[in-house]
Amino acid sequence: MANYFNTLNLRNQLAQLGKCRFMAREEFADEASYLKGKKVVIVGCGAQGLNQGLNMRDSGLDIAYALRAEAIAEKRASWRKATENGFKVGTYEELIPQADLVVNLTPDKQHTSVVQAVQPLMKDGAALGYSHGFNIVEVGEQVRKDVTVVMVAPKCPGTEVREEYKRGFGVPTLIAVHPENDPKGEGMAIAKAWAAATGGHRAGVLESSFVAEVKSDLMGEQTILCGMLQAGSLLCFDKLVAEGTDAAYAEKLIQFGWETITEALKQGGITLMMDRLSNPAKVRAYALSEQLKTIMAPLFQKHMDDIISGEFSSGMMADWANDDKKLLGWREETGKTAFETAAQFEGKIGEQDYFDQGVVMIAMVKAGVELAFETMVAAGIVEESAYYESLHELPLIANTIARKRLYEMNVVISDTAEYGNYLFSYAAVPLLQEFMTTLQAGDLGKQAQTSTSVDNAQLRDVNEAIRHHDIETVGRKLRGYMTDMKRIAVAG
């Protein structure tokens with residue numbers, strides 16, 4: 001198999017990278033009805049598998065789980081989760097031949113073996129679904145020509161897919177049909193019904209392509225969504241402790257700070273996040289973010305280049321073949337960091353204190369979001385896709401850190417995201433060491449800002465620059481669709 005994207009000519013590469021259409025609410029008037037009365041079999045019962053299945057069942061679909069025979073015989077976690085939630089469970093041989101839609105929600109590294117196992121069992125004209133297109137785009141999986149191949153990609157971890165659905169809402173979602181596999185022309189109808197069944201139509205759906213989803217998803221998770229949060233956590237914690245802050249207090253400020261800061265980001269973009277600061281702190285955060293963008297731009301560009309070329313995926317797949325030696329080593333090292341092992345502060349930190357004491361954290365968020373967005377758009381990815389893969393998903397990832405620090409983030413995200421996170425953070429931490437030595441009183445921690453005055457013209461220019469960045473323009477439009485957004489922060 002060859003990397004699918006690299007087999008396309010330049011015109012097709014650009015066309016697929018740039019495919020993105022915001023779908024109107026009216027297009028989902030039938031909700032999940034196209035799949036009602038049909039059999040949907042999910043392969044895999046991890047975070048996405050279980051939670052999408054719960055939503056789809058609650059939306060009236062017939063859901064069952066196909067698991068490997070040994071997982072059933074040994075009553076592994078996947079079997080327990082499916083059976084404890086009242087789902088029908090069977091082997092591939094028992095369930096796949098009856099399925100109208102087979103949804104592959106196993107980890108990326110298992111996709112090739114899973115798809116090769118289920119394809120011979122699928123009935124003629126059935127559909128195969130993914131929630132991430134890595135197997136199709138990067139691995140180059142070849143699927144039978146009578147099989148329709150679709151994707152529904154919720155833009156958040158599986159746990160949040162369920163939580164937002166239970167709140168009566170949903171999460172923004174990308175849907176796509178693989179152009180090489182739509183023999184009956186029903187791919188879009190299947191994808192729309194599946195997206196509606198998960199609740200995604202209530203938060204906004206983009207019609208995209210497998211290529212655009214994969215390339216933008218990899219870029220977002222490696223840089224701002226996971227890599228920047230991990231690098232920022234380690235750098236800021238070490239800086240606070242080195243300057244005399246109690247380690248437990250520093251840990252809590254960082255652990256819950258990202259979530260509190262990005263809740264403002266979710267509700268009102270970078271503009272609202274920056275507006276939570278005093279005017280002197282806002283001007284300072286803006287200056288810090290501009291410095292960070294200059295320092296980090298080449299790193300962001302390298303990640304985008306390696307994703308587009310396939311260099312990233314080939315390196316990760318080589319690690320798969322080596323029993324995840326790099327991934328597991330990086331995971332172990334992260335677990336031993338001072339931030340991860342620090343005691344928990346039992347006192348309360350006020351909501352505004354997270355902003356006032358986290359000026360450089362806000363600068364990191366602003367710089368990372370804007371750089372990820374700008375770098376994706378420069379590579380041919382449409383602004384709406386770049387927004388969802390940089391700004392919108394960030395509060396959901398920050399929420400995982402608030403639960404159990406970096407450990408929880410890396411457990412919840414995919415192995416693909418985790419591998420990319422380590423690549424970025426291991427490069428970003430040394431890259432930003434010198435920058436961290438230039439921080440002033442008031443940039444991080446309890447020390448007061450050294451300046452309490454602001455030049456009116458400078459403040460005006462800063463506000464204009466913040467509010468008129470392209471990500472703020474597209475963000476205002478997309479957030480207008482999400483009128484039912486629910487607050488998720490749990491900071492204490």
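Using the three backbone atoms N, Cα and C, a Cβ is placed for every residue, glycine included.
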Using only what Swiss-Prot says about Mg(2+) 2 binding by E389, E393, identify which of D182, D217, D238, D246 is listed for that site too. D217
Within 10 Å of the Cβ of D217 (Mg(2+) 2 binding site), how many other Cβ atoms can be counted across all chains shown? 26
E393 (Mg(2+) 2 binding site) falls, by DSSP collapsed to helix, strand or coil, into coil
Hey, what's the Cβ neighbour count for S414 (substrate binding site) at 10 Å? 22
Report, in whole Å, the straight Cα-to-Cα distance of S414 (substrate binding site) from D217 (Mg(2+) 2 binding site). 11
